[in-house]
Amino acid sequence: MDFLNASDQNLTSEELLNRMPSKILVSLTLSGLALMTTTINSLVIAAIIVTRKLHHPANYLICSLAVTDFLVAVLVMPFSIVYIVRESWIMGQVLCDIWLSVDIICCTCSILHLSAIALDRYRAITDAVEYARKRTPRHAGIMITIVWVISVFISMPPLFWRHQGTSRDDECVIKHDHIVSTIYSTFGAFYIPLVLILILYYKIYRAARTLYHKRQASRMIKEELNGQVFLESGEKSIKLVSTSYMLEKSLSDPSTDFDRIHSTVKSPRSELKHEKSWRRQKISGTRERKAATTLGLILGAFVICWLPFFVKELVVNVCEKCKISEEMSNFLAWLGYLNSLINPLIYTIFNEDFKKAFQKLVRCRY
């Protein structure tokens, strides 16, 4: 979210010329990422707005996440590109304050949205009946408002401490000399949400797996009951079971309670039902793997994109002798920004309704 800076004043014209190709490459690469992030998040927002089928409280959270990531792409990334390429801040301290404020608030808000979505999905799968009544547009709006308010409260202290010291006009950074402020902001913006997300998605996976198994067992029991036929005549009873027809003949006799004769006969119908049951088990297993893959992508992308940056933020503050290069600092910041590009892909690519909505938008069928 913040960058170190350098100056080109001590470089010769030849050195500047030699560095020009790399600067152009960096500029084009980062501009491409910013454009892709803007486009994809715009598609998600437009799809939810124009597609009636997507007007669901759960998707309102995804829409709000897309808006947040869109703001990162439009208001944060372009200034960062200029800062990296120029290697100094040339837009004044007022604009610097605005940029840092938007940067920290939007990135924090994007992360907290992931926590809100995880909480929403957890309650939807573990308390489906009760939560279905509470899962209204108003409820989604309250969750979104809470996320934004918390983001502002988490982001303000670092900006406040920035003005307690002196800063150069050609730099735009958050100082790493207030350990309390850094711990407060990093734990509030990342580490606490990370723990919450890990716990929630672990519980979601376990709950989803249990639900799949219960549904499969319920289907098998239902098939057994539907396939049973009872015929009674006086003291005789015949029981036919579709899975493997069993003939049970019970006769009353003074010397014995009953005599049983068992014979098993395979039938085409029983084999057909067995085949259907096997297919359902296969489908259930496929869905379980798909759910695990989706959760793995969500968690993996989040951790890979943001963990290195926030580890750096803590290490640089706690360890006075620990230094990090400008290039590495920029790379870690943009690795975090990359999460704003990945979010809309992960949260919509596995949803058929979103896929159809995207196709209609691209083909201009609205």
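Any Cβ shown, glycine's included, is placed from N, Cα and C.
Pulled from Swiss-Prot, these are the features on record:
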- 1-24: topological domain 'Extracellular' (TOPO_DOM)
- Asn5: N-linked glycosylation site (CARBOHYD)
- Asn10: N-linked glycosylation site (CARBOHYD)
- 50-59: topological domain 'Cytoplasmic' (TOPO_DOM)
- 82-96: topological domain 'Extracellular' (TOPO_DOM)
- Cys96-Cys172: disulfide bond (DISULFID)
- Asp103, Cys107: serotonin binding site (BINDING)
- 120-139: topological domain 'Cytoplasmic' (TOPO_DOM)
- 160-178: topological domain 'Extracellular' (TOPO_DOM)
- 203-291: topological domain 'Cytoplasmic' (TOPO_DOM)
- 316-327: topological domain 'Extracellular' (TOPO_DOM)
- 343-347: motif 'NPxxY motif' (MOTIF)
- 351-366: topological domain 'Cytoplasmic' (TOPO_DOM)
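Overlay of Swiss-Prot annotations on the structure.
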residue: Cys96; record: disulfide bond; Cβ neighbours (10 Å): 19
residue: Asp103; record: serotonin binding site; Cβ neighbours (10 Å): 24
residue: Cys107; record: serotonin binding site; Cβ neighbours (10 Å): 27
residue: Cys172; record: disulfide bond; Cβ neighbours (10 Å): 26
Exercise for the section: Could you break down the residues of the topological domain 'Extracellular' (316-327) into DSSP helix, strand and coil, giving a count for each? Expected result: 5 helix, 0 strand, 7 coil
Fill in the blank from the handout: Cys172 (disulfide bond) -> DSSP, reduced to three states, gives coil
Handout entry: Whole-number mean of pLDDT values that fall within the topological domain 'Extracellular' (82-96)
Key = 89
Handout entry: Long-range Cβ neighbours of the topological domain 'Cytoplasmic' (50-59) (under 8 Å; 6 or more residues past either end)
Key = 117, 120-121, 124, 135-137, 139-140, 353-354, 357, 360-361, 366
Exercise for the section: Measuring Cα to Cα, tell me the gap between Asp103 (serotonin binding site) and Cys172 (disulfide bond) in whole angstrom. Expected result: 12
Completion exercise
Same-chain residues at least 6 beyond the ends of the topological domain 'Cytoplasmic' (351-366) with CB under 8 Å of its CB atoms are 43-44, 46-48, 50-51, 53-54
Fill in the blank from the handout: Spacing of the two Cα atoms, Cys107 (serotonin binding site) and Cys172 (disulfide bond), in whole angstrom, works out to 17
Problem - Positions whose Cβ lies under 8 angstroms from the topological domain 'Cytoplasmic' (120-139), at least six residues beyond its ends - result: 57-58, 60-61, 200-201, 203-204, 207-208, 211
